[in-house]
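Peer 1: Take this structure first; my questions come after.
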Amino acid sequence: MLHGNTSINISHPAPGDWFVAAHLPPSSQKIEVKGFIPTCAYVFQPDMLVVRVVEVSILEPDVPLPQTLLHHPSYLKIFVPEYTQELRLELQGCASNGSLGCPVRLTVGSATLPGNFRKVLTCTGPTQDCRLLLPSPPWGRWLQVTAKSLAGPLVSVAFTAVAALTACRPWSVSFQHLLQNSANQSRNASTGLLPLSPSYQELDRSSGAGDSPFCLRNYPVPREDLDVVSVRFRPLDQVSVQSDMPSVLRLYLNTGMDSGGSLIISLQVNKTAIANNTLVVVCVTAASPFLSFNDSLNCTTAFFQGYPLSLSASSRKTTLVIPYPETDNWYLSLQLVCPESPKECEQALVPVETTLYLVPCLNDCGPYGQCLLLRTHSYLYAGCSCKAGWRGWSCTDNSTAQTVAQQKVATLLLTLSNLLFLAPITVSVHRSHLVEASVYAYTMFFSTFYHACDQPGEAVLCILNYDTLQYCDFLGSGVSIWVTILCMARLKAALKYVLFLLGTLVFAMSLQMDRRAVWNTMGPCLFAIVVMVTMWVYRCGRRRHCYPTSWQRWIFYLLPGISMATMAITIYTSMMTSDNYYYTHSIWHMLLAGSAAFLLPPREQHTDPWACSQKLPCHYEICKNHREELYTVT
């Protein structure tokens, strides 16, 4: 939206956490100086209005529930317990005003975004019965069912809703089973397929004597919290895969804070454990596991499209990364499949090595990124902040990345451009401005190593902490401008050095409060300009002549220096972007150093060039007493 209000209507939303994310369009690449250009504040205030359905009938399994539709739809709900293999919804005895037919639209499930996986069944045929089969419905939650009449507003439709659940028994792997088959596995390790252990063969997988059949082999997976948005899942037993039923691992990602990271699933089989004509099919789903490997390999449950994977003799390792997984129980289903000869898989058992992690950032964002933990109100999530033009979830997309040569060129430009400060250092020493020379040397040193440490790629050198280098660079730049302007004012030595010290203390305080604020530097510099102009006007009035008095001083020194300083300020405040930063900021370094060299005032009249070197003699001198002694003659 550009302004005003906007709204979105979601009917029958899925239960759980919903997220609203608001962001501005991509900003321009221009680097703006803080405080120099006014910033715009955008206010985003989300409001939520919930309209609840009051009359909701509970549909119990195998219990007929009569319903009559007239003007309003009928709302039902059924609870799906764990280990439900299939849900069958059926409308029986459907009739409209005594005639045959069933003009009813049945909607099962809740709305989700961006994809809607609700099941819709339209019953318009002449038959009185209409049914819907849902394989692997979501476990442990209520399922919404909406029945709406397709007949006219004055036509009543009557039917009986019946729900049937197909349950199966999970076979939980215990330590005893592993101990029993470990001996068989060690004796048959040289073969491609491991035979079944006696414990597997003795299982009764047929529904007899009132017992339901086994539908899955359940491997317990405890959750181990390592850090913030960092969890490790380690199965208690080795995961073994067979062809008779799937092996299922449950990953508990339902704490409410797990959706802010990335789920990493890595699977691997040994070369000697799997034959050439066998295939380990894997499916990763949320809410309920995929159990229909014998019928289809589409990895689709009732309301979720899973992530299919596979392991074979040619591809013995696979990895799946799911960024920001949905807050729910996730299931990893594995089953052995022999496409060419199914009989070869009947007596086979393939161990699979699993590596299951929830991490804040994939591979810690790599060498060209930084993993950041971000918090918005009570929601904590992680993300990669990429640099050097790299992009992607884990900063692995190099479509817009800088090459190593470009990174080295940028580093050399930003560091070697500071060598132009040798010019004002030399001029200062030549004119006996030793304090100014020391400030320029300080600025050159820390600006060079700050930009060597500030690079985003591989060409990086940090001799100190990054924050320390940045502080010293900003301090040196501001104090260099301060001492240059005050030196041009030609104050008395005592007053000049007092102002040097006070200005440095003010810079240190202001930069500690906010380093990016432009007025922290512009304020003291404007004060120094006022002092300089005041002194020049005073000398002009006292001497009744323009100051400085020499036209050569104006043309060859002051005007070039003022022009370079104006260009430097213009580039720094209005021309820098993320793309040309390496060039424009290097020009800023050179213009700043060049302007200081031109603007420094000449030496005092009675001071010789390089006078500072003469004050440090390297030879012995004979001390003479020129004082005249007076003698009294008596």
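The backbone N, Cα and C atoms fix where each Cβ goes, glycine too.
Curation plays no part in TrEMBL annotations; they are all automatic predictions.
Feature annotation from TrEMBL assigns domain 'EGF-like' to 357-396. What TrEMBL records for C361-C371, C386-C395 is disulfide bond. The transmembrane segment annotation in TrEMBL covers 494-511, 517-538, 554-575.
For each listed feature, how buried is it and what is near it?
Peer 2: Across the domain 'EGF-like' (357-396), DSSP assigns 4 helix, 20 strand, 16 coil.
For C395 (disulfide bond), applying a Cβ distance below 8 Å and a minimum sequence separation of six or more within one chain yields C365, G366, Y368, G369, C384, C386, K387.
Only residues 6 or more beyond the boundaries of the transmembrane segment (554-575), in the same chain, are considered here, and those with a CB under 8 A from a CB of the stretch are 33, 36, 518, 548, 584, 587-588, 591-592, 594-599.
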Peer 1: Applying a 10 Å Cβ distance cut-off over all chains shown, what neighbour count does C361 (disulfide bond) have?
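Peer 2: Within a 10 Å radius of the Cβ of C361 (disulfide bond) lie 23 other Cβ atoms.
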Peer 1: On the 0 to 100 scale, where does the mean pLDDT of the domain 'EGF-like' (357-396) fall?
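Peer 2: Across the domain 'EGF-like' (357-396), the average pLDDT comes out at 87.
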